[in-house]
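Visitor: Okay, these came from TrEMBL:
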DOMAIN    59-136  domain 'Membrane-bound transcription factor site-1 protease-like N-terminal'
DOMAIN    213-468  domain 'Peptidase S8/S53'
ACT_SITE  D222  active site, charge relay system
ACT_SITE  H253  active site, charge relay system
ACT_SITE  S418  active site, charge relay system
DOMAIN    489-618  domain 'MBTPS1 third'
DOMAIN    619-885  domain 'MBTPS1 fourth'
COMPBIAS  882-892  compositional bias 'Polar residues'
REGION    882-901  region 'Disordered'
TRANSMEM  989-1009  transmembrane segment
COMPBIAS  1012-1024  compositional bias 'Basic residues'
REGION    1012-1047  region 'Disordered'
Amino acid sequence: MYKILRDCQVKPMELFQLYLYLSPQMAMPHINLLTWNLPQLEAQLPWRYLTITMFSPLSTEYIVAFNGYFTAKARSHFISSALKSSEALDWRIVPRKNPASDFPSDFEVVQIRQASHSSLLTLEDHPYIKRVTPQRKVFLPDPGATCNNDTRWTQKWQSWQSSRPLRRTSLSLAFGFWHATGRHSSRRLLRAIPRHVAQILQADVLWQMGYTGSGVKVAVFDTGLSEKHPHFKNVKERTNWTNEKTLDDGLGHGTFVAGVIASMRECQGFAPDSELHIFRVFTNNQVSYTSWFLDAFNYAILKKIDVLNLSIGGPDFMDHPFVDKVWELTANRVIMVSAIGNDGPLYGTLNNPADQMDVIGVGGIDFEDNIARFSSRGMTTWELPGGYGRVKPDIVTYGSGVRGSGMKEGCRSLSGTSVASPVVAGAVTLLVSTVLNRELVNPASMKQALIASARRLPGVNMFEQGHGKLDLIRAYQILNSYKPQASLSPSYIDLTECPYMWPYCSQPIYYGGMPTIVNVTILNGMGVTGRILDKPIWQPYLPQNGDHIDVAVSYSPVLWPWAGYLAVSISVAKKAASWEGIAQGHVMVTVASPAGNNVGGEMTSTVKLPVKVKIVPTPPRSKRVLWDQYHNLRYPPGYFPRDNLRMKNDPLDWNGDHIHTNFRDMYQHLRSMGYFVEVLGAPITCFDASQYGTFMMVDSEEEYFPEEITKLRRDIDKGLSLIVFSDWYNTSVMRKVKFYDENTRQWWMPDTGGANVPALNDLISVWGMAFSDGLYEGDFTMADHDMYYASGCSIAKFPEDGIVIAKTLKDQGLEVLKQETAVVEGVPILGMYQTPSEGGGRIALYGDSNCIDDSHRQKDCFWLLDALLQYTSYSMTPPSLIHSNSRVTPPTGTDRPLPERLEGNHLYRYSKVLEAHLGDPKPRPLPSKLFNLWKHQKLLSIDMDKVVLPNVRNYRPQVRPLSPGESGAWDIPGGIMPGRYNQEVGQTIPMFAFLGAMVVLSFFVVQLTKSKNKPKRRKPRVKRPTLPSQPPQTIGPQHTRPRTLED
């Protein structure tokens, strides 16, 4: 215990919260101590292990971001004037003693004791203050460390710590980690490789030409570097941004990264003659803070750094101060290279900032060109649920078993995407030194050269490899013949090319289907800012049946910094409803940027985006499954807990809950069974239910509009079937799993459980169904299949003529709350019901989604999904279930009250449905058009304002503009699906138009007749006063500023 306290650097004057995990007989989950006596604790408590969470008493630090760079005196004046009349009883500006202290800054760190919400609002209301956010702690964990500062649950039965959420971490793996994913992998082969990574990528070819990185400034943001390390000869500057008084590397991670980039001997780096700028931003305890990074980033801009390597990452793409500063860095021509994360092979696990368009995101491969299992996969999840993610990583390179500099001398091997990142950063540094005209080198032109020269890996899709493997020599050739231009990533859309274009190539398109959305990144090598001239033009190739598809586009109004988006929406024209074949065309885009060197005028570049798709006749209704994406919420911005409470290292639900991220295997299975799966990124009111056999709702956290509930009931009465996979929801457990986050120094309380069961119950209550707040887990057998129930709920109420299957499970809720173990027999987990209306659909409920979720699945239940789809789509009841010994009488819901919403929850802050209201939150008005969920320059969602929509029924409500944060969709009472042509529309609209014109014409004729019959009167002439002459007013050009997150 003493060793733990010593390693954690406990100070007696601080307040400690000690979590003592005791034996099951002890009823003491935690103890709060103002004074403590460790020997007495050791003598009296039979503790198992001890976790100490430290925080200063009633004190919170905030990052106050300003609208510009100001001196320290001005910043202090702004803050003091803002807090002068606030409720902040005690506050101070935290001193920051680092190399950037002598220069103007755009932020300040303020410590406020007993900070109230009103005092923070007062700060944000100041005209020079842009944003106030909590100071965040950043970790660089060491697997062997005794003391780690992870956030933990405060219960005995599980210590729930997060390796990713709420913080940015190092993206390297443990020493000597060897991993090979291919069939021909060999540990001996990997360890026997004689050459270093720089030589394998042919850096020695450029060395022989005289290029060694000379004159290029490269920054390494890491754990520092020893002053007299023998591998480095050109360390220009070492700076310390931490609260430790040392510049040396006490961990070895920063030394390794610097060695891959610029080591001159033994394990040689790519650019040994480059100017190394070492930024020590992590302490020896693997801790950093956002403010340290912000100061260091500002200093890097001041020093005019050319290349910056950042081997950290996290899922929080809404960490505003950090993301804003990354944009500012790249806008100042700093080429940032960052690791995409070590959360593979799961899809939807990209880390920030590598997922940004202006950053080069790097994934990892082994030396046999297999994608490393640890390397994170795309897509980006910013755009969900309304749009579709972009292609990331940008490029992959060696990241498994790479050799680099040891902490003091010699070499060692490391693995991880934080190893792949300095490989690319070193290659970029070397490439920059080969370009004579450095004005041509910028973040966009460098990325263009890298992705254009990359070698495509066979059998790997674009969300795993990006554009392919780094090819240093080809990149050199492209860069040295480069002319400023715009380009696209990906450079073409081919929905027939598998597996590279997965998932687009995995399912053909057809008339009446949801539009296929492909998000393309526009890279602008001509300048940091640019714009799209006119509008992108769709040009179908008529000989190649291009008129059989309709293409709509949305695009960035401003390209900044160096990049923007082009969202392409592809749907099938009515004339191809029964046609099968290939259709082609291209989208033409012209980009303009201000000419550099004070020449004036604009530079323009026109690029083509070829489009090729496969069209099939519209499949039958029974084969079409619609996936509800609109009602899935995830971290960030809120605390949405995992569906499986046993997962210690991954408590937050952050993978998107999309069929192409953490439900990828389920999607692949359904496609192999012949089903066509489409995604609904809008409210339930926005699709034609007559076109689909089954509507799937899985792990839904969102609330529902009243209109959605009404429409779904009507749709099911007319033949649509529904499958619901729920998850746990228990308010007592939700309060139990709250934790104190040292990053934001706040308590985090989940705003919903694994699923929003009260909202689901509102949706299905019309059929006499409901889920309970019970929380169960356990292994069992169903229809001769081994199953595992992972933190699921039970069915509390079901129609008496329905089919209900029950199993014996453990009461996990009791274990969480009271540390007691109990087995419950006859827990209803599966229900199937045929609605009584003529031609009505069927409903199937299951209380756990973990068996179809890739995140933490232990045993899949795809067989059960097949059986349920046979039931809902074809009315074929599985004999193995209907005659099961586990079939029980449907519950009536009288045993216990149904779950209620957590009192005081803040779901409305993140909801697309709820809005703040006095008392309980109330539903917003139902949106009347599609709208980007995040109004953000980085997102590639379809902007339906710029999409020409087909005619719909004449009683469709008028589209109104939506407020920021409000999602939108078509509200089509008649159930006409967007993208489908309605024959009745073509007949009724001309008739009403003709009648309306006749009424208007008659009105004007009557008015004209009256005016002619009235006698005319002459108006008296009035002498007007003479006014002094004024010059005519002119309207000058609008001045634009770089866009921020608020824009």
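Using the three backbone atoms N, Cα and C, a Cβ is placed for every residue, glycine included.
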Visitor: Look at each of the active-site residues, H253, S418, and point out the one with the fewest other Cβ atoms around it within 10 Å.
Guide: H253
Visitor: In the domain 'MBTPS1 third' (489-618), how many residues does DSSP put in helix, strand and coil?
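Guide: For that range the per-state counts are 12 helix, 66 strand, 52 coil.
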Visitor: How long is the line from the C-alpha of H253 (active site, charge relay system) to the C-alpha of D222 (active site, charge relay system), rounded to the nearest angstrom?
Guide: 7
Visitor: To what whole number does the mean pLDDT across the domain 'MBTPS1 third' (489-618) round?
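Guide: Averaged over the domain 'MBTPS1 third' (489-618), per-residue pLDDT gives 95.
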Visitor: I'd like the per-state residue tally for the domain 'Membrane-bound transcription factor site-1 protease-like N-terminal' (59-136) from DSSP, helix first, then strand, then coil.
Guide: 20 helix, 31 strand, 27 coil
Visitor: Sequence gap of 6 or more, Cβ distance under 8 Å: name the residues on the same chain that satisfy this around D222 (active site, charge relay system), in order along the sequence.
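Guide: Those within reach of D222 (active site, charge relay system), by Cβ under 8 Å and sequence separation of 6 or more, are D249, H253, G254, V257, A258, I278, F279, R280, V281, F282, N309, S311.
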Visitor: So how many of the residues in the region 'Disordered' (882-901) end up helix, strand or coil by DSSP?
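Guide: Grouping H, G, I as helix and E, B as strand yields 1 helix, 3 strand, 16 coil.
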